[in-house]
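A.B. asks: Pasting a structure below so you can have a look.
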Amino acid sequence: MTEAYIYDAARTPRGKGRPDGSLHEVTSLTLSARLLNAMKQRNNLEGHAVEDVIWGNVTQVKEQGGCLARSAVLASDLDESIPGLSINRFCASGMEAVNLAANQIKGGAGQAYIAGGVEMMGRVAMGSDGAAIAVDPSIAFKTYFVPQGISADIIATEYGFTREEADALAVESQRRAAAAWADNRFAKSIVPVLDQNGLTILDRDEYMRPGTTTEDLAKLKASFKDMGEVMPGFDKVAMLKYPHLDHINHIHHAGNSSGIVDGAGAVLIGNEEFGKAYGLKPRARIRATAKIGTDPTIMLTGPVPVTEKILADSGMSISDIDLFEVNEAFASVVLRFMQAFQVDPALVNVNGGSIALGHPLGATGAIIIGTLLDELERQDKNVGLATLCIASGMGAATIIERV
Amino acid sequence: MTDFTMKKDADGVAIITWDVPGKSMNVLSEDGIRELDALVDDALADDAVKGIVITSGKPDFAAGMDLNVLGGMKEKGGAEAIFGLVMQLHGVLRKIERAGMDPKTLKGGKPIAAALPGTALGIGLELPLSTHRIFAADNPKAKIGLPEIMVGIFPGAGGTTRLVRKLGAMGAAPLLLEGKLNDPKKAKAAGIIDEVVDDPVAAARDWVLNAKDADIVKPWDAKGYKMPGGEPYSAAGFMTFVGASAMVHGKTLGVYPAAKALLSAVYEGAMVPFDQALKIEARWFTNVLMNPSSGAMIRSLFINKEALEKGANRPDVPDQTVKKVGILGAGMMGAGIAYVSAMAGIQVVLIDAKQESAEKGKAYSAGLLDKAISRKKATEEKKSEVLGRITATTDYAALEGCDLIVEAVFEDPGVKAEVTKKAEAVIPADAIFATNTSTLPISDLAKASSRPEQFIGIHFFSPVDKMLLVEIIKGKQTGTRAVAKALDFVRQIKKTPIVVNDARFFYANRCIIPYINEGIRMVGEGVNPTLIENAAKMMGMPLGPLQLVDETSIDLGVKIAKATRSAMGDAYPDGAVDAVIFKLFEEGRLGRKSNAGFYDYDEAGKRQGFWNGLEQNWPEANEQPELTEVQHRLMFAQTLEAVRALEEGVLEDIREGDVGAILGWGFAPWSGGPFSWLDMLGAARAVEICDKLTATHGERFKTPALLREMAEKGQTFYGRFGQQKQAA
């Protein structure tokens, strides 16, 4: 069967997704186009070099609407013969873009793709595209809809994670991210964001809070307690689905949940012929991909069953994996993953995760594949698995193997 | 026979008067819809008519739709017939709302106003909402609102769509979701009606003669209309709708289809033009009516409840209205019975062994009335009038002239026998003597009476002023006049009666005790107590079994267990239950009253989490049962007892079994009661579950022969027993 190889992976630094964030002045279109230009330049892509640009993006309204992928291609220096496909699988959109591209290559549909995504969370607010599952009673009742933060707290309650454990994971994420920057470990992937005059807007992740301690985090108020217990009372809905729980333990807050940021990531994937034609050396092959639907109420447990699935589908076991990226949407998601597979925490999110660095929804899935590959190369290990939990109860995973 | 008539006066005002012959309250029937339609057509077509006023020929405007009509529709024509009727009604109301105006220029319509003399409920408000202005008489007793949700449906004649467009989803929520009723002044303040006046017809007449084109265009028919609070995908509306689903889901625990359908009608309707929204409302309304739950709720909570209150099972003897009641024992129950009797205008003699206790019993009424005064529900005059009817005394001679005695002394046969004799020595020979016992057989107590045919049980529930059900128990020798007397008394105090035969724990307690026991038994088995309580609530039980036993007190449970055990001997089946409650009892955990039971309580008496002793004594088992298994155990514990009560003839009428269960112990109201629930489940499925429960959990779930026979014959309870009883 045709193999799909990763030839390059790049990302922008992540800016704070707030009006005073460094990337707040940059449009989603511009950020996307500049990252595409970087991919073109880094790999000398001329003409119809890739079959398609698959661009993950969650909140597809306003400047992120209207098939941003195609607009980004047209705004970039890529050839207009390359189309564009915007996709949305919530937090795994960027990963799904990579997986779609890889599987199309494996199936013989085109030689190469640019796959990735963007989310300017400070410019296009999360949730501003509406969502029937939250407001349409016909599905909200059926799925026992609660917001993600409540779901993360259900995970903590159901699987017995304490606030202290969650905070400790968050502190460690901050420590690892700071160490990674100090050691320049992101250098291979980071594409600084420049303005139209070549002046630097941002060249470093700016959301991090290095030196955060558990004492600092202990002061923060649980973010989802009021909406859970008082107005409108989501805990009651959650307990209809989990009737053995006598309360929900609200442990998550801004410091142990993923950060709201602006950013983009991209991966260049192609078959062997593509590499030869462009003189590029494959860095890794996409060994397996998977996605799965799970209970939409607890919502964020997807990484566990999707990992079980991808391992079973590819005839592998958890011990075959050298390093893991498990998106830190909320601390309990990662705690649950490590609990389920009994993996060594030192192997999971080696350079920090979305709690420290931020989680640009549509981009993260592509970014963590790049981060995983960089770290496999740095440690000279072979096999890595990246996975994310996904809104509405889904999970996605990718296994890469260095070549 | 016409329900609607029209008079046109010289000024060009057509007055349409709603006055259903032979009824004290107007209700809308199919004929009524056609008549109203024809009159509106006539008035709109008549050039001499300038405006229309719709009013009532009765003291009130209307009580709503004739629910029997809706039930009949379902039987006859199913969803298509219901949808057709509702759309026809929408057509009439929409015609009133548009009033002949040009749909483009919005000009040339005739002003139409509603004049409400009094209460306007359901369609009685939905019709006025379709007019251009609503005038109500300044009648503080009038109730205005849309109570449909209380019987398991929702306003389906445009009330949902119009109110939401008028007040926004948030503003309309308490009116639609809770069925909140308002007096006219409050209804005006809430924006439901427009004017409160002395003479609504005159004011309405005046208004239609002076109204301009712009006055009769509804906001939602005008250009640029925006829903107050925003539609679901506006920034503000999104939050409202997210919250609405969660709140309603949490509150209804997912067992009330009407609330969910209502919410869907609101949500889907909010995003489309008005006429599309009406169609959406009609589809959801039809869907709710076709749901067995709504039919069962209407049948039990409306039709059969009313039938029982009106004396469906009253023997054919002359009127037995109570004029003077003697109440023996001024404790909690006696004091409550005195209060409801005096409130009903009955003279009350409240007797206790000590004058101080008798006075304390009377003071209970004073306390309740003071509370009502502080809430502006009563006046000082009312209070002195009611208290004036209660004589608190120790003197049995004061019972002279009482036509009914209600004995509510300590549950001791000796004490009861003594007061029975003392009272019968004084009261008239034809007086009826009732005992409020909850545990002692009536026929045994009747032995103390010199006239057992005039001796009966009238079992009140606590607190008497709040609980709607009264259980009337016939002893072996109880005569028909005693039954009629008890029923007339219950009617006077505005409660709902059921009449049952004498057997251990009568009907309600007989069913509720196994429910509580099943919950306790599961604690002993190591079932997660939270799962037990939530499983019950998710079946629509107001309290989980463990909370319920905390409320009713654990020592009472122990007492009943001991008594039952000594009565049954070796056959006593509840040893596993006793192992748990006797332990709590020994620990001094008597329930809420001792601030310690299955739950912990704080110093203010507020319930906290479960007592950690539960986990220590009965650790949670590693294997937990499925939710449905817990639910089946809790539900069948109750419903099988109801079936046995029917089989044994304790219960004579399944309507009483259903209504009594809902009003007596809050049995899953959405289901319409235990017999309705079994019908919904189907006898065959019920037998299957019983057999499985028997195999796993024991003989207490043994399928009653009656149920098995019904399963074999493919029968339902209402099919088999409903008709026969109605014919009788």
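Cβ atoms here come from the backbone N, Cα and C positions, even for glycine.
Got these off TrEMBL a minute ago, pasting:
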ACT_SITE  A:Cys91  active site, acyl-thioester intermediate
ACT_SITE  A:His359  active site, proton acceptor
ACT_SITE  A:Cys389  active site, proton acceptor
DOMAIN    A:5-233  domain 'Thiolase N-terminal'
DOMAIN    A:280-402  domain 'Thiolase C-terminal'
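So that I understand the layout, could you describe where these features sit and how close they are to other parts?
C.D. replies: Its Cβ taken as reference, A:Cys91 (active site, acyl-thioester intermediate) is surrounded by 31 other Cβ atoms within 10 Å in the chains shown.
Neighbours of A:His359 (active site, proton acceptor), defined as other CB atoms within 10 A of its CB across all chains, total 28.
Secondary structure at A:Cys389 (active site, proton acceptor), as computed by DSSP, is strand. Sequence-distant neighbours of A:Cys389 (active site, proton acceptor) (same chain, 6+ apart, CB under 8 A from its CB) are A:Cys91, A:Met299, A:Leu300, A:Thr301, A:Gly302, A:Pro303, A:Asn327, A:Ala329, A:Val333, A:Gly395.
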A.B. asks: Is it possible to list how many residues within the domain 'Thiolase C-terminal' (A:280-402) are helical, extended or coil according to DSSP?
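C.D. replies: Helix (H, G, I), strand (E, B), coil: 51 helix, 33 strand, 39 coil.
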